[in-house]
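Pasting in a structure now, in structure tokens, and then I'll have a few things to ask.
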């Protein structure tokens, strides 16, 4: 019995669509970020060209060992402020050797009761490692679930990219935290500042409806964040 031969017309829209889909699937990697073609790209912070996903590279002949070593996290940051928290930043603006490497590391010092208020890092996930003291760490998912825990020295936490989170020193003494990010410039967006200290300011009636309060309450809140 002769086998039936099934033919597909190459001109059919289905066949063309299938071929295009397969081509895109197998060539998609061509459109991903390319691997670096050099050992490093130390940031030229004084460059006048447009910055796009990283600073321009310093000339290799001008690169020195100092570009790859950083002591900016050694000293305690001042906590003499209303939040009781001070930070030392280890991002690309302070450590040019991080340019294009997708990494930054900060230090946060907490006075007793000090806290980093609700905020997000729009460009990075965060790993929090407690060096000293007891720190309450928590983040809120998009389902409005709070995940939190008190961490002791030697323990760490992870905050997924872009989610609202906070840290507070809940011990009796000072606390020190090292925070690392998978971005050379993770950015920070503090919710209270965004809402009550934006420029131009968000209209009071919009905020009043958002929080279901009187506009006088909003005006009072803005006065606290004016400076």
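For all residues, glycine too, the Cβ spot is worked out from N, Cα and C.
As listed in TrEMBL for this protein:
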BINDING   106, 121, 126  oxalate binding site
BINDING   119, 121, 126, 165  Mn(2+) binding site
DISULFID  41-57  disulfide bond
DOMAIN    71-219  domain 'Cupin type-1'
SIGNAL    1-32  signal peptide
Neighbours of the oxalate site 106, 121, 126: Cβ within 8 Å of the Cβ centroid, same chain, sequence order.
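Neighbours within 8 Å of the Cβ centroid, excluding 106, 121, 126: 104, 124, 159, 179, 180, 181, 186, 188.
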For the domain 'Cupin type-1' (71-219), how many residues does DSSP put in helix, in strand and in coil?
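Breakdown, helix to coil: 22 helix, 57 strand, 70 coil.
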Might you list, by sequence position, any residue in that chain lying six or more from residue 119 (Mn(2+) binding site) with a Cβ less than 8 Å away from its Cβ?
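Spatial neighbours, sequence-distant, of residue 119 (Mn(2+) binding site): 164, 165, 166, 188, 189, 190, 191.
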Measuring Cα to Cα, how far is residue 57 (disulfide bond) from residue 121 (oxalate binding site) in Å?
25
Among 106, 121, 126, recorded oxalate binders, what is the largest CA to CA distance in Å?
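Greatest Cα separation within the listed binding residues comes to 13 Å.
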Same chain, not part of 119, 121, 126, 165: whose C-beta falls within 8 angstroms of the C-beta centre of the Mn(2+) site? Give them in sequence order.
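Close Cβ neighbours, site residues excluded: 120, 139, 159, 163, 164, 186, 188.
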